[in-house]
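Handing you a structure now.
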Amino acid sequence: VASSRHDAGVNSKKMYKYQPSSQIRTFSLHQRTQVVIVEMSCLPFILITTICFLLVVGVPSEAHLSATFYNESCPNISIIVRSVIEKAMVNDPRIGASLIRLHFHDCFVNGCDGSILLDSSSTIESEKEAAPNINSARGFDVVDNIKGEEKKTRRGGGGGERWGGGGDKLENACPLTVSCSDILALAAEASVFLAGGPSWTVLLGRKDSLIANKTGANAALPGPRSDLAFLKLKFAEAGLGTNDLVALSGAHTFGRAQCKFFTSRLYNFTGTGQPDPTMNPTYLEELKAICPQGGNQTVLTSLDPTTPDAFDQNYYSNLLANKGLFRSDQVLFSTEEADTIEIVNTFSKDERAFFEAFARSMINMGNIKPLTGGGEVRVNCRKPNGDAGSNEGLYTSI
């Protein structure tokens with residue numbers, strides 16, 4: 001992994017892995033800057049400036065999540081997850097952004113429980129069919145690949161079936177051990193790291209839910225057309241604050257978006273028949289060329305027009321230039337007298353400050369009501385273990 005980041009042109013810097021514990025520990029040296037996080041439930045967040053920087057994070061004791069949860073039962077878990085994602089990125093450079101979005105959309109609905117991965121059935125209304133996810137959420141096949149249940153592949157035209165799978169997958173390395181909800185948390189970290197961003201020690205030990213909540217997904221997830229007040233409301237409902245909102249929005253520093261999520265800003269902002277007045281005029285014309293009025297609403301464009309596949313602080317520099325793609329992006333900087341403006345300014349100038357805050361907020365998000373009591377470890381991330389056919393394999397068409 002380190003060599004692949006170096007080959008991609010990522011600058012070599014000191015990086016210290018952090019792990020929640022009662023003592024400060026320094027880990028092996030890697031590329032780029034990592035944060036060292038220490039869990040002390042009795043302490044607030046403290047920033048210590050030494051040879052490296054330390055973030056002291058209090059993790060709710062009731063969550064029962066641990067950085068060492070799989071140390072004995074599945075010691076190669078992180079290596080397997082990163083390997084699968086690294087291979088997926090070769091042909092799909094936007095997959096990292098898609099995977100981190102899955103983690104976000106999972107945790108904001110009933111907590112981090114893997115419910116977004118469940119397909120519809122006679123007893124389940126899938127969250128995949130909720131408005132924020134339908135024809136938009138993606139990366140489910142990569143999660144399947146990480147999990148590694150053997151896939152039964154059906155050839156088109158009645159060409160019969162064959163068994164696929166194999167290789168270094170979690171169900172091969174440590175059967176019935178790693179939850180799908182923990183896979184999402186690990187995949188989010190790996191996706192950021194492989195795109196040049198920070199790494200953090202992921203707290204683990206979640207179980208998978210037996211149900212989904214389509215109604216909750218429609219209600220809980222803030223959308224790309226949201227104003228700042230609504231964004232703050234939804235983050236507060238999830239137990240997150242303004243710093244988390246601004247830091248986690250920085251995930252839009254890579255990935256793509258369909259025209260349908262922002263064309264109202266180009267042609268009919270809030271029903272005015274005019275473009276969003278906060279948009280950079282040059283950027284507005286560029287987007288109109290990509291997404292003409294009445295055109296194909298599924299056409300993709302980069303969330304970050306400057307470095308579309310890199311995880312960096314340019315997202316915030318774009319906001320200063322009024323080049324936020326979504327309304328929910330630009331309002332962080334363009335809402336008058338908002339307390340988010342100062343944070344955006346800081347992150348635009350200081351990548352390390354952004355990386356610190358992002359890692360901390362990802363841990364905060366991963367602690368939104370994690371399912372640790374009850375639940376199960378799914379064999380197939382798309383269905384509960386009790387569903388008929390849950391061990392019969394996944395079907396794909398080729």
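The backbone N, Cα and C atoms fix where each Cβ goes, glycine too.
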In TrEMBL, C107 is disulphide-linked to which residue out of C74, C112?
C112
Quick one: of the recorded positions C74, R101, C174, C180, C291, which has its CA closest to the CA of D113 (Ca(2+) 1 binding site)?
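When the Cα distances are compared, C180 comes out closest.
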Considering only the recorded positions C74, R101, C259, C291, which fall within 10 Å of C112 (disulfide bond) when distances are taken between Cα atoms?
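Neighbours among recorded positions: none.
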Give me the sequence-ordered set of same-chain residues, not including D106, V109, G111, D113, S115, E127, with a C-beta within 8 angstroms of the centroid of the Ca(2+) 1 site's C-beta atoms.
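Result: H105, C107, F108, N110, C112, G114, I116, S181, S209, A212, N213, G216, A217.
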Between the disulfide-bonded residues C74, C174, C180, which lies closest to D106 (Ca(2+) 1 binding site), Cα to Cα?
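Nearest by Cα distance to D106 (Ca(2+) 1 binding site): C180.
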